[in-house]
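Annotated features in TrEMBL:
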type: COMPBIAS; residues: 12-23; note: compositional bias 'Gly residues'
type: COMPBIAS; residues: 24-34; note: compositional bias 'Low complexity'
type: COMPBIAS; residues: 169-189; note: compositional bias 'Low complexity'
type: COMPBIAS; residues: 190-200; note: compositional bias 'Gly residues'
type: COMPBIAS; residues: 201-210; note: compositional bias 'Low complexity'
type: DOMAIN; residues: 37-164; note: domain 'ALOG'
type: REGION; residues: 1-39; note: region 'Disordered'
type: REGION; residues: 155-210; note: region 'Disordered'
Amino acid sequence: MDSAGAADTSTGGEGPSSGGAGKAGPQRGAAAAAPSRYESQKRRDWNTFLQYLRNHKPPLALARCSGAHVIEFLRYLDQFGKTKVHAPGCAFYGHASPPGPCACPLRQAWGSLDALIGRLRAAYEESGGTPETNPFAARAVRIYLRDVRESQAKARGIPYEKKKRKRAPAAAGQAHPAGESSTSTVLSGGSSGSGAGDGSGALLRGSSSS
């Protein structure tokens, strides 16, 4: 979404005779055209994934991309991770608050990867792909994310609990229609226990060949 051209606001005077009528429209259009933070992040993630495919050896066409390639991409991203994941042999394995440093590697937190896959899944279909061929929705990717969640929970001593939707209190004197309830929408994106420092904005930096 390209923003509309900025309007010239340097006209002198504020009265009707200043000739400024009609110039507020483009300004409102520019504000309305600005993408949301989510849309901007989704676009960056999508462009980075496409760059990853181009740098793949051999280069990989999007049409030939499978769930296995998506998992390969997620593993590639671990080198940019900021979450300490203790190995089973580490003295701090399973400790939520280790008392000292260790040589265990940094990884992408499960919450960051889960949110990333959600954005890429949406971007794929917005770019003309079909749900049936969406590699980000592949069963293998879901299993991989589940395994990452469980292994990180054990390694870091932080259980991942699914957030429950809370029922919003009904306004006084108003009742919900039968069979309906007001719930709060839980959006994926840094879910609980995902690890500090793994902001999705910094998740993807210049992709290179795997």
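Every residue, even glycine, has its Cβ placed from backbone N, Cα and C.
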The domain 'ALOG' (37-164): DSSP-derived helix, strand, coil residue counts: 77 helix, 4 strand, 47 coil
Predicted model, mean pLDDT over the domain 'ALOG' (37-164): 92
